[in-house]
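*Asks:* Before I ask anything, let me first share the structure, which is written out below as structure tokens.
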């Protein structure tokens with residue numbers, strides 16, 4: 001199961017929050033402020049719009065503000081407007097747009113073609129992403145615009161395919177459409193341009209502003225092969241990890257090796273020293289440097305001591321495995337090279353972070369830790385409802401008394417376990433995208449847990465267990481009093497939920513503390 005810890009993104013962006021928190025809103029702005037009265041008209045009048053739905057008190061919104069502003073200025077000359085909507089003032093508009101957290105960024109091509117912005121929240125990333133959105137999936141290349149197109153983005157993929165090769169053209173176009181959010185694509189059928197670039201038709205060339213500057217693919221034009229090649233060719237031999245690059249690395253499908261260093265000089269030195277190792281293992285593992293002064297806390301998530309640098313660790317998101325390198329040893333390329341090879345050869349046991357297994361279970365909710373996860377969650381014939389929580393999570397704290405009440409319903413029902421695990425203190429083999437996350441591991445189907453997305457009330461959670469569990473236990477029927485009380489809970493739910501989100505929906509089903 002592929003999984004990673006998305007809350008790391010908050011660590012990678014945390015340093016920006018404080019510096020941006022006091023940014024003034026009085027200066028002239030290229031970001032257009034819209035209201036319920038102006039939003040629809042503005043969107044209809046523009047072919048492409050990026051909209052931010054925010055709240056003034058939101059820390060992540062404050063951190064984004066200067067980057068969003070700068071991106072708006074850079075995109076203004078390209079006629080790509082960036083707008084913002086204050087959801088504390090425009091609740092109805094935000095509710096209509098399905099806003100469930102802050103900030104929410106959405107791309108509009110008119111009112112009926114809306115999709116979420118899925119790039120990084122950095123100026124360069126926003127500009128790059130929106131420029132790609134403004135272009136066709138595949139831009140035409142001519143002798144006159146070739147050099148311009150090659151440098152339009154950090155990564156540009158150009159297909160040199162003859163016009164009569166319909167199969168290759170169709171596959172390349174389909175591939176470009178599927179990846180247009182990630183890369184800028186162009187193509188030409190002009191054989192003279194291909195010859196000038198030193199390639200034969202059909203070939204795909206990836207131009208980049210780092211390493212060897214370009215890479216050529218002359219294999220079979222096939223979707224999966226192209227995707228694998230583009231991902232590998234577009235990744236620096238030794239990159240720099242930050243908020244704008246984290247997601248790409250962690251979803252690449254191969255292990256990620258981290259080199260933590262506190263100074264720019266150290267990171268540059270490690271980059272040069274590790275290039276030959278990165279070249280040797282290209283396509284099998286990615287290697288990055290990371291600023292330990294800004295993001296050193298992430299070392300703790302890799303089971304390293306976050307106070308001792310330089311440091312090295314490998315993370316395999318596909319297996320949710322972590323391999324910290326012995327911090328008593330110096331980080332030397334030769335030794336690390338052997339360590340990497342041993343990890344790839346499965347000769348190194350992964351490190352598992354776990355709290356101590358409780359000597360006794362106190363209270364109705366079963367406490368799970370990494371070392372008891374297999375026994376309590378997976379290796380049994382029970383329906384197990386498991387909450388993944390974080391101690392600092394406000395929504396988790398609000399859920400706690402209701403979750404305990406839920407667990408009390410099942411205290412005499414051996415077929416069902418209501419459990420929780422601190423996902424910040426234990427390595428968990430599941431994909432967690434927010435806190436709290438609640439999953440039901442049904443007996444006989446432990447490898448395909450069902451995530452709960454409903455309202456967090458006792459009766460709704462109990463019904464979820466009944467409907468999705470193997471044993472179909474109806475705890476409310478066992479406790480008729482609870483069933484009688486469910487009507488009162490339903491009546492009060494809407495009122496309490498209005499304080500949870502900007503869009504006052506009927507429940508709090510999508511509420512997570514932002515990660």
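Positions of Cβ are set from backbone N, Cα and C atoms, glycine also.
According to Swiss-Prot, the record shows the following:
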SIGNAL    1-20  signal peptide
ACT_SITE  58  active site, nucleophile
ACT_SITE  61  active site, nucleophile
SITE      121  site 'Lowers pKa of C-terminal Cys of first active site'
ACT_SITE  393  active site, nucleophile
ACT_SITE  396  active site, nucleophile
REGION    472-515  region 'Disordered'
COMPBIAS  472-496  compositional bias 'Basic and acidic residues'
COMPBIAS  506-515  compositional bias 'Basic and acidic residues'
*Asks:* May I ask which of the recorded positions 58, 61, 121 is closest to residue 393 (active site, nucleophile) if we compare their C-alpha atoms?
*Replies:* 58
*Asks:* Measure from the Cβ of residue 393 (active site, nucleophile) and count the other Cβ atoms within 10 Å, all protein chains considered.
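*Replies:* Neighbour count, Cβ to Cβ under the 10 Å cut-off: 20.
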*Asks:* Give me the long-range Cβ neighbours of residue 61 (active site, nucleophile): same chain, 6+ apart, Cβ under 8 Å, in sequence order.
*Replies:* 52, 54, 55, 102, 103
*Asks:* Taking the Cα atoms as reference points, how far is residue 58 (active site, nucleophile) from residue 396 (active site, nucleophile) in Å?
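*Replies:* About 19 Å separates the two Cα atoms.
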*Asks:* Could you give the Cα-Cα distance between residue 121 (site 'Lowers pKa of C-terminal Cys of first active site') and residue 396 (active site, nucleophile), in whole Å?
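*Replies:* Roughly 26 Å, rounded to the nearest whole number.
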*Asks:* Hey, what's the Cβ neighbour count for residue 121 (site 'Lowers pKa of C-terminal Cys of first active site') at 10 Å?
*Replies:* 21
*Asks:* Around residue 58 (active site, nucleophile), how many other C-beta atoms are within 10 angstroms of its C-beta?
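*Replies:* I count 18 other Cβ atoms within 10 Å of it.
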*Asks:* Let me know the DSSP-derived helix, strand or coil state of residue 393 (active site, nucleophile), please.
*Replies:* coil
